[in-house]
Amino acid sequence: MKKALHFGAGNIGRGFIGLLLNLSEYEVVFADIDQEIIAELNEYKSYRVSEVGDEKEKHYQVDNVRGILSNKTYQVAEEIKDADLITTAVGVNNLKYLAEVIAEGIKLRIAEAPNKKLNIIACENAVRATSKLKKEVYKFFTQEEEEKAEKQVGFVDSAVDRIVPPQENEDRLEVKVEPFKEWIVDKTQFKGKIPIIEGMTPSDNLLAFVERKIYTLNTGHAATAYLGFYYNYQYIHQAIKDEKIYDTVKSALEESGQSLVKLYDFDSKEHEQYIEKILKRFMNPALKDSVERVGREPMRKLSEEDRLVTPALRAVENDISPTGLSKSIAAALLFDVEADEQSQKMQKLIQEKGVEQALEEITTIKSESKLGRKILAKYKEMK
């Protein structure tokens, strides 16, 4: 049986990537720092994934799984030595913490199995996440090790999309997910044969799909969360059913979409259908995804290259009026959740320096620019 080592035994790891690897007849070894979840994986060697939505629930039993602690460097390196594939779902900001242990495993593999190719796919919510991981891993190599790794190890970028909300299941290992899933990989970056994995689509135009996903799904999700919070909704599915929120989010996605269609030559009719599909996914009541969870870390989500500001800046460049995006950014600046460190930091910044200065520091959008004025007018109107 083929073996995949997957970093991150959380809900996305188990309910999305782990499931697809299992359906493709891989033994899945989960590496994580959560001792309890690793102990349970080793005790039961199996878990259940349920697809929940409008139609009848679909259940999968994921077998042939086990776990190891990701901070046990030697043990993880041993697993890397003979793994057929490595995947991650740990959050893009945590990839750097995996770099050293992955580098150690690659060194071992180069020494003991120099002819066996290895591919690594980071399945994270970011553009070119695996390339970022590669950069971190290579910091632990000598020049000679780097040259050998370059021939033997493929770092494959990917775009992943499946909504996996927080879980409240009696069985801690069980995961509930939406039926929709998309996993697109850059076929030009593999070493050796491209593995055939259920639900994984190789593409030579990955960036287009990554950006389509981030600047539609993530843009819409964040906009719904911030507007939902502003209008006092608890869950995403409740918020998106409010007509005024729906109209603003749809407008934001259409504004973002016009730039994507122009930039990547997408078919505009197909992109409209993609937007409709995304909005329908947000309405799934079985997911019970809270606006506070989806909106968390607003300063990161308002940064220049992230889901709201990039589409707004592109809209201005392309002479598209960013009405929905401006209102969504204004709502994000009003996001004030006590338990969220970034939202508290943001509110403090606004209080101390004023919203104009805060907007510039968080988003790089100049307050006197056309876009800045539009956002600030919305902010003052909503305040």
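Keep in mind that glycine also has a Cβ here, set from the backbone N, Cα and C atoms.
Straight from TrEMBL, the features:
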- A4, L5, H6, F7, G8, A9, G10, N11, I12, G13, R14, G15: NAD(+) binding site (BINDING)
- 3-198: domain 'Mannitol dehydrogenase N-terminal' (DOMAIN)
- 205-382: domain 'Mannitol dehydrogenase C-terminal' (DOMAIN)
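This view paints the features noted in TrEMBL onto the structure.
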residue	record	CB count, 10 Å
A4	NAD(+) binding site	24
H6	NAD(+) binding site	27
G8	NAD(+) binding site	26
G10	NAD(+) binding site	18
I12	NAD(+) binding site	22
R14	NAD(+) binding site	29
